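Student: Annotations per Swiss-Prot:
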- 119-122: disulfide bond (DISULFID)
- 61-232: domain 'Thioredoxin' (DOMAIN)
- 1-21: signal peptide (SIGNAL)
């Protein structure tokens, strides 16, 4: 029994050494490209790793010599599936406590919306919140100031996310009320950065539960039909 434990320990050390060696080559390449803060994760492609950067998702060979820019699609099913966004769902889950949520009484679908309080179609979506909720659609908001993190919209949304009643503050802002300055540990910069990784180009940007991103506004009934069809597609294998 002791021999087995020793052999297992040696094997574990050997494998971890290989993993460190692979990551070392990758990190050396990333450092050379000015991507020191990038996060390296496993990839669904053999011999490659996923790299999460401030500007998007990349894929790099384990020897650090070849680099591809995402997204990556699985085309083995009936329709292409964005594998990259499946990976990003982990980061989305980590922000659950920071989301401003409008929960449906009889929930059938959950969508996460990257929003901007200065966006016309974001206002239109929010004005119909009762209709979305009545159909069984729960809406979760993350902040995505289209003009960047130095914009006034970013400062206002940061304040909204820092008050005790975020829903009330968000409702007021969407009605055109002035936003009172507030500060806290919550950083909507993390929301914005995740939006960049998801490839968000404008708002509203809707993320489905499997990581699929649907750009733009959709009326409640059309949204419900799309969500039902998407769910049925996933059940049938894509």
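Glycine residues also receive a Cβ, built from the backbone N, Cα and C atoms like all the rest.
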Student: Would you pick out, from the disulfide-bonded residues 119, 122, the residue whose Cβ has the largest number of other Cβ atoms within 10 Å?
Tutor: 122
Student: Could you say whether, by DSSP, residue 122 (disulfide bond) belongs to a helix, a strand or a coil region?
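Tutor: Where residue 122 (disulfide bond) sits, the three-state DSSP reduction gives helix.
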